[in-house]
Ligand SMILES: Nc1c(NC[C@H](O)[C@H](O)[C@H](O)CO)[nH]c(=O)[nH]c1=O
Ligand SMILES: CC(=O)[C@@H](O)COP(=O)(O)O
């Protein structure tokens, strides 16, 4: 049997203490994006992240999110980043372009800089689909960001 290293369990309530989290929020479909942000901030607080350690910036749309994430990652000041946006299908191919390119850009920042980036850029066919999902997706993004910081630290400790 392969050897599975024991990843130390972090008490969820305390997992976020001391972490600095950068959040980039798109302003396109603002009602959904603000719902995502509210949910993410509430969950970060529940996990012990201090308000002073949450740094929020906004961009015009999902296509601009990766560049702003890159700037935060380059600063070296954050433990994890969260992308918040809402791409809602219209009549043209632009939906696919914005969805695919913003998603690829978010992933690239995480891999290029070795920093956890939780992606909560929704890609939906309708406004209602986005409104229904914004709280869950915002909450999940906060949990993923905090979990991945702790997992990354644990794995680095095991492999060093
Ligand atoms: N249609 C949506 C957009 N489109 C705008 C782009 O994200 C970008 O700002 C523009 O193409 C200029 O570069 N953005 C969203 O976030 N959501 C949409 O539904
Ligand atoms: C996702 C989009 O870019 C979309 O809102 C644009 O709508 P349309 O394709 O009708 O121009």
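Glycine too: its Cβ is placed from the backbone N, Cα and C atoms.
Curation does not apply to TrEMBL; its annotations are automatic.
Over in TrEMBL, the protein carries these features:
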ACT_SITE  94  active site, proton donor
BINDING   28, 62, 63, 64, 86, 87, 88, 119  5-amino-6-(D-ribitylamino)uracil binding site
BINDING   91, 92, 133  (2S)-2-hydroxy-3-oxobutyl phosphate binding site
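Residue 91 ((2S)-2-hydroxy-3-oxobutyl phosphate binding site) falls within neither a helix nor a strand when secondary structure is assigned with DSSP, and so counts as coil. Nearest by CA distance to residue 64 (5-amino-6-(D-ribitylamino)uracil binding site), out of the recorded positions 91, 92, 94, 133, is 94.
The 6 Å Cβ screen around ligand 2 retains 91, 92 from the binding-site residues 64, 91, 92, 119, 133, ordered by sequence position. If you compare Cα positions, residue 28 (5-amino-6-(D-ribitylamino)uracil binding site) sits closest to 94 out of the recorded positions 91, 92, 94, 133.
By the criterion of other Cβ atoms within 10 Å of the residue's own Cβ, the least surrounded of the binding-site residues 92, 119 is 92. Non-local neighbourhood of the residue listed as 'active site, proton donor': empty, since no residue in the same chain at least six residues away has a C-beta under 8 Å from its C-beta.
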